[in-house]
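Over in TrEMBL, the protein carries these features:
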BINDING   B:12, B:26, B:29, B:35  [4Fe-4S] cluster 1 binding site
DOMAIN    B:57-229  domain 'AAA+ ATPase'
BINDING   B:65, B:66, B:67, B:68, B:69, B:70, B:71, B:72  ATP binding site
BINDING   B:239, B:242  [4Fe-4S] cluster 2 binding site
């Protein structure tokens, strides 16, 4: 596949680039990335979501876009759209694999090259918000994303954690990564904080509570809110449904909406 | 040995061959210079690692395509459980998650230091028969980020395997980061001569996690790593108040059990969510000792027994064949 000759303009038309990071895996980066994207979509924005998790891409499944193909345009790859009006575009390595169970067994340099291509060669057209979902850690993928984004002046990163100390410890390292690489931190979201039993309404702190907020205070970073565990949320992700519009009365949706409002607000202040 | 790249010129002698870079077919190949100058043959470290690990009876790798499903929690408790069950059983736990090491915290060994001696790095002992090694012991502060690319991560993993002085071990449990990339390839490659017993794959019940685990299974098959079995973690939550069970992470496609029967893999069991597990990990204590009568601890003991039985049977067969 030949790379387009003049590709530097693909991303410069995107107004806001937001990274979703976490040192820890399975804390809900992809979940929050999809939900924030859907939230921004609901607020009337044109959005894009780029999945740079090459070994475990989850975004296509969560948005019910499995088995879709990416098309090649003279200016680059055309993202997969969830709607006909093309208000939400998605790009993920999953669209490029023949078989969904195929493992992408790649070492760093190959992952770096793929990510550079994802950053420069996808024609997002006039997307207002581009959310970039990342794999866990502070390694090849992250260095590649941050280096390739440098010239595009990204808005910053949202750090996701679960409440336990173990996860907070990894996120603290991720904050150090942001400081070292000069990526502004927009704030911390605490995910999976508390589960309300559907039978007795008793709230259990399955993964303890308050770790995210304490870390935000310690590092002097804005705390963006707690998203509680909700069966409907995991169910919606499994079925690729829009949780935000289907369960609008859930406390999780309220928490997500307030984060979306914050994002729109932060950007106005810039 | 298929060391001939798919895009190589015809009659390529192979990158590992003595003639690499020197054969007539190599004329004009863009990689001629690399082939002619790079060292040939397998990494000499593989043989050193084999010798170092001769005193280790069982080597078990804990894997998962997905992050946050409980690999470190499982590895740590497998180590705790094996060491607690029999005080003569020597257990080692190696954390190869370089960017997010959680083992020191879970084992209550944060802030410990690794000492160097003539025979290598001494691991940190959390009890008489339980030793651990992690990059967490080499960092100066808890907020230190290890921002390393692949080759440097491979270097430290090689050192962990080659230079840690475990002594005689019955079990070496290797905890890995999520994915199918540098760390995983390196472990399998470096241990190719030392022989891994097999991999235990951890997943959560949802399809979102299972789809990553299928990739991990494909990885194991690609690199010829035997799969000891699959564990489903975070399977159902029992409300401590009213004892109603909720599927926080719903098994919409039948969960790990169904996947195992589809792929004909051994299924080891379902571990339920329990707030006390997370709490025990945060406090660096063994959940098996904190709540020995809980359903999760009982399931865990059963899974551990199966793992012990399987790995021991395989070893006996091997010993028999060698004799």
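Each Cβ is built from the backbone N, Cα and C atoms, and glycine gets one as well.
Worth saying up front: this structure is predicted, and the values here are computed from it rather than measured.
Projection of TrEMBL feature records onto the structure.
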residue	record	DSSP class
B:12	[4Fe-4S] cluster 1 binding site	coil
B:65	ATP binding site	coil
B:70	ATP binding site	coil
B:239	[4Fe-4S] cluster 2 binding site	coil
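Take the Cα of residue B:68 (ATP binding site) and measure to each of the binding-site residues B:12, B:26, B:29, B:35, B:239: the nearest one is B:239.
Less than 8 angstroms from a Cβ of chain A: among the binding-site residues B:26, B:35, B:66, B:239, that describes B:66, B:239. Around residue B:12 ([4Fe-4S] cluster 1 binding site), a 10 Å sphere centred on its CB holds 20 further CB atoms from the protein chains shown. Cβ neighbours of residue B:67 (ATP binding site) (same chain, under 8 Å, six or more residues apart in sequence): B:177, B:178, B:179.
The Cα of residue B:72 (ATP binding site) lies closest to that of B:239, out of the binding-site residues B:26, B:29, B:35, B:239. Geometry remark: residue B:26 ([4Fe-4S] cluster 1 binding site) versus residue B:65 (ATP binding site), CA distance 39 Å. Between the CA atoms of residue B:71 (ATP binding site) and residue B:35 ([4Fe-4S] cluster 1 binding site) there is a gap of 39 Å. Between the CA atoms of residue B:35 ([4Fe-4S] cluster 1 binding site) and residue B:242 ([4Fe-4S] cluster 2 binding site) there is a gap of 67 Å. Shown in sequence order, B:8, B:9, B:13, B:15, B:20, B:21, B:23, B:25, B:31, B:32 are the same-chain residues outside B:12, B:26, B:29, B:35 whose Cβ sits within 8 Å of the Cβ centre of the [4Fe-4S] cluster 1 site. According to its DSSP assignment, residue B:35 ([4Fe-4S] cluster 1 binding site) is helical.
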